[in-house]
Number of protein chains: 2
Amino acid sequence: MSSIRTIGRFAPPDPGNGDGDAVHFCSTCAFGEVCLPGGYDKPALLELHCLVEHVGPFHAGDPVFRNGDRFESIFAVRAGTVKTSLVDEEGREQVLGFHLPGEMIGLNAIHPARYPCDAIALDTVYLCRFSFPALATLATRMPGIQQQLFRLLSADIGKAALLAGDYNASERMAAFLILLADRFAARGFSPTRFRLSMSRGDIANHLRLAAETVSRVLRRFQDQSLIRVEERDIELLQPDELRQTARCILHP
Amino acid sequence: MSSIRTIGRFAPPDPGNGDGDAVHFCSTCAFGEVCLPGGYDKPALLELHCLVEHVGPFHAGDPVFRNGDRFESIFAVRAGTVKTSLVDEEGREQVLGFHLPGEMIGLNAIHPARYPCDAIALDTVYLCRFSFPALATLATRMPGIQQQLFRLLSADIGKAALLAGDYNASERMAAFLILLADRFAARGFSPTRFRLSMSRGDIANHLRLAAETVSRVLRRFQDQSLIRVEERDIELLQPDELRQTARCILHP
DNA sequence: CGGCGGCTTGAAGGACGTCAAGATTAGTGG
DNA sequence: CCACTAATCTTGACGTCCTTCAAGCCGCCG
């Protein structure tokens, strides 16, 4: 049996200087539609590009922002994975979500004017930082940017509710894998082979399960030849079957 | 023992013609800050008021919009309660939330451009209807409206996640009651005595519990003198104690 | 090498769901 | 005003899925 350890890892080209690959990253980004030339006049586009600041690298465990920090910016993930979570007064963590390249974080901070959660890098992370006041001002002049902001905000509503239903462990786990696969696919990565950048504990927490249950479900899926697991590398052998298991979570 | 059946019912003044009470309703509305004169020049305010359309009454069971309907407007509840829910392919309902006077519905429809859920009146409901294209256009000229839209959208993100954690039935129920009380208080209603406009089944569904469990928890709360229940009328006898029970849901 | 965190596996216990029956209310029409 | 039915709610008994607890394994890093 061949190992799958050497596949499925998307080794991100170092986006440190962020020049040569700017277009590549923007094309997979939630803001790509407005960042990339698409009907906008050059001066307006320049303004947008001016207020984008490339930040990083963050390393595993580094905070991007902390619960309670004053809100100033929203971020787009350029490379790596960011975990958002809350820690209650008793110190128990609650994982709200994982954010892949092209996805935004910080949108839920506009209203309280403070970040309402922690954002922690799970691996090596590069971000685009958008000053929100500047973005909002620009949005009054560029309807396309306003539209995109409305869309991004609207799309985030209820995203967390997907996993909130009273589903069993298999349905949750299947939905988690399929949602990940779809998000990878949307960004041009392989939807059938990928590497989980988060620990079993984080997955379990996010799905409101015990880490032991995650282990057991993954093993059951593997015994049913639905997936192949090797450490954090995942291969979806029968994605349609998984999708079927998760349909009650995914379809509504 | 005296009955509490005659108290706590907020009989809404008929807002049918919506003229004399306009200011009263707007002052409790999520859009009140921008609808009511507050630093805006008169012409701009007139434009906003022009695109607001008063609709209703809806009666219990009437749909405001249906899952899949083309998105055109967002709504503010003026009176009554609206339930938003999803029905999956097997016909099982999933209650997403309840919307009280002053709260908005339809914000999660901007992105898909279709309403992603059903909105059903639970009692006699009056709404303010805002054409979203018109509102977005106006927002490019009135930064205050844009800001308020951003805030409303942002505030809705993760609102559903509150009840998504792995909390037990008592914590969920306590949080539900306290959140309701706080929302009533914010609109000027009594936070300790109110009437549940939704059925036990809807509450249970929303909290991901069985209806029987809701009954049992309410009875336990009553036996502990935390609340007094008579049918759908609720009196919070020890709100602080309830808040304590729900703190892990409310506080983070 | 040894310690440590992450992961897996097994066994026991509990919280909630399901099923079933009865109670209470609301709605309807005579 | 009063039957009558349907719907909602309550209460009890039992079963189940998942958590908890415990132990062992593996890979990583000092």
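Easy rule for this one: first residue shown is 1, then count along the chain.
Glycine residues also receive a Cβ, built from the backbone N, Cα and C atoms like all the rest.
Per DSSP, the secondary structure of the domain 'Cyclic nucleotide-binding' (A:58-110) breaks down as 3 helix, 27 strand, 23 coil. What TrEMBL lists as domain 'Cyclic nucleotide-binding' is A:58-110.
The domain 'HTH crp-type' annotation in TrEMBL covers A:167-240.
Per-residue pLDDT, averaged across the domain 'HTH crp-type' (A:167-240), gives 94. In the domain 'HTH crp-type' (A:167-240), helix, strand and coil residues by DSSP number 40 helix, 11 strand, 23 coil.
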